Amino acid sequence: MSAIIDVIAREILDSRGNPTVEADVLLESGVIGRAAVPSGASTGSREAIELRDGDKSRYLGKGVLKAVEHVNTEICEAIIGLDVEDQAFIDQTMIELDGTENKSRLGANALLAVSMACARAAAEQAGLPLYRYLGGAAPMQLPVPMMNIINGGAHANNNIDMQEFMVIPVGAPSFREALRYGAEVFHALKKLLDDAGMTTTVGDEGGFAPNLESHEAALKLIVQAIEKAGLQPGIDVAIGVDCASSEFYKDGLYHIDSENLKLTSAAFTDYLAAWCDKYPIISIEDGMAEGDWDGWKILTDRLGRRVQLVGDDLFVTNAKILKEGIEKDIANSILIKVNQIGTLSETFQAIEMAKQAGYTSVISHRSGETEDTTIADLAVATNARQIKTGSLSRSDRMAKYNQLLRIEEELGDTASYPGRDAFRQRG
C-alpha cells in the first residue's frame with residue numbers, strides 16, 4: 001500500500017493569465033505527484049462546475065482560492081491514509097464528499113487536480129511512466145494529432161464564427177512525421193498570410209487568427225498551405241473543423257454573422273455537407289448546438305457514414321449523456337476533456353462506453369492550458385488514437401506534443417501510428 005499523507009493545492013496561472021488549481025499529493029514513501037487543471041473558453045452548459053471566487057478585486061473574479069482551500073482542507077482530510085493506487089475509490093470518495101451532481105460545491109477544478117495528482121504519484125511510486133501505469137502493458141499506439149492552425153470564435157478576436165480549422169496528418173508513417181507535417185503546413189500558412197498582408201498573430205490555442213472574407217476562405221488557405229508544404233490534401237493531410245455551434249445558435253437558428261447567414265438545422269447541415277464535398281474534411285466537431293438534438297440527428301443521418309461527427313458541448317465527457325446519444329444514434333465520436341467531468345475515473349468510463357458503442361474518442365486540451373502533459377499520456381494509455389492539443393506554437397501546446405515524441409521514442413519499434421484508421425468507427 002502506498003498511503004497518501006498530505007495534499008497541498010495552490011493557485012497558479014494558465015496560458016491565458018487566468019488562475020487555475022495545481023495540486024501536490026505526497027505519499028509516505030516521499031514520492032510527490034503534481035498536476036494542474038485546464039480551463040475552457042467555450043463551455044458546454046452541462047459541464048462539471050469550475051469553481052471561481054467571484055471576487056472582482058482579484059483576477060476579475062476568476063480567482064480559485066476557494067477551490068484551493070477545499071483541496072487543502074476537506075479533500076485532504078478525506079483522502080489522507082487512502083491507497084494512492086486505488087484511483088476509483090479516491091475519485092468516488094471525492095465525488096461523494098462534494099455531494100452534488102455537477103461538483104459545484106467543492107469545484108471540479110479542485111477534484112480534478114487531486115485526481116490527476118494521485119495518478120501521477122501512483123505512477124511515480126510504481127516506477128512507471130504515466131501512460132504505462134494507467135494503461136497497463138497494452139498501450140503501443142500514438143494518437144493522430146488534430147492541429148488547430150486557424151482560430152476563430154471564442155478563441156480569437158477576429159471575424160470567424162467557427163472556432164477551429166485543423167490539419168490532420170492522416171498519411172504520416174509515424175507520430176514524429178505527423179508532427180513534422182503539421183509544423184511545415186503551419187509555417188507554409190504563415191508565409192501565405194504574410195504574403196497576403198494578413199495578420200499572423202495567434203489565438204488562444206496557437207493558431208493564426210486572421211480576418212477572412214468567409215469560412216470557405218479559411219479552408220482554401222489550408223489547402224494551399226498543405227500544397228505549399230509539398231504535401232497532398234486529403235492524402236497526406238486532411239482537414240477537421242470545430243464549429244462550436246452552441247456559440248452562434250440563437251432562437252432556433254445558426255447565426256453566421258461573418259457571412260450574414262441565419263440557417264435552420266437542415267440548412268446548416270447542407271452548408272457543412274457542401275464543405276465536405278469540396279474539401280478533404282474528415283472530422284466535424286459540434287456541428288450542431290448542444291441543445292439541438294433534432295439538428296444533430298439530421299446531421300448524423302446526412303454525414304455520419306462519411307465524416308467523424310464529434311460531440312464536445314453535446315456530451316461534455318459525461319457517460320450518462322453519451323449513453324443517451326448512443327441510444328438516439330447521435331454523432332459518432334466523443335471529445336474527451338478531463339475537466340468537463342472532474343475525475344480520471346469518470347473520464348475512463350466515458351472512453352470505455354464510447355469504445356463499446358463503436359464511437360471514436362478524441363482526447364482534448366482546453367483553450368486555457370498549463371505545462372501539465374497528463375492528456376498526452378492519457379491518449380496513449382486509453383488507445384484513444386486521436387488528440388487535440390492546439391497548433392504548432394505556444395509552449396503550453398508544444399508540451400503535450402513533445403511528451404508524445406518522448407513516449408514514441410520510449411516505445412521504440414513497438415510504437416504504431418494509426419493514421420486514417422483512427423477515424424474509422426469501431427465495432
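Yeah, the Cβs are placed from backbone N, Cα and C, and that goes for glycine too.
Per Swiss-Prot, the feature active site, proton donor maps to E205. Secondary structure from DSSP puts E205 (active site, proton donor) in coil.
Positions annotated as active site, proton acceptor by Swiss-Prot, on the basis of sequence analysis: K337. Taking a C-beta cut-off of under 8 angstroms and a sequence separation of 6 or more, K337 (active site, proton acceptor) has the following same-chain neighbours: P38, G40, D312, V316, T317, S364, H365, R366.
Look at Swiss-Prot and you will find Q163, K337, R366, S367, K388 tagged as (2R)-2-phosphoglycerate binding site. Annotation for K388 ((2R)-2-phosphoglycerate binding site): same-chain Cβ neighbours under 8 Å, separated by at least 6 residues, are P145, M146, N148, M166, L335, V362, I363, S364, H365.
Shown in sequence order, N148, M162, Q163, E164, M166, I284, E285, D286, V310, D312 are the residues of the chain, 6+ apart in sequence, with a C-beta less than 8 angstroms from the C-beta of D242 (Mg(2+) binding site). Residues or ranges marked as Mg(2+) binding site by Swiss-Prot: D242, E285, D312.
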Three-class DSSP secondary structure - E285 (Mg(2+) binding site): strand
Neighbouring C-beta atoms (10 Å sphere around the C-beta of Q163 ((2R)-2-phosphoglycerate binding site)): 30
Integer Cα-Cα distance in angstrom, S367 ((2R)-2-phosphoglycerate binding site) to E205 (active site, proton donor): 6
Protein Cβ atoms within 10 Å of E285 (Mg(2+) binding site), excluding its own: 28
Span of the (2R)-2-phosphoglycerate site, taken as the largest CA to CA distance across Q163, K337, R366, S367, K388 (Å, rounded to a whole number): 16
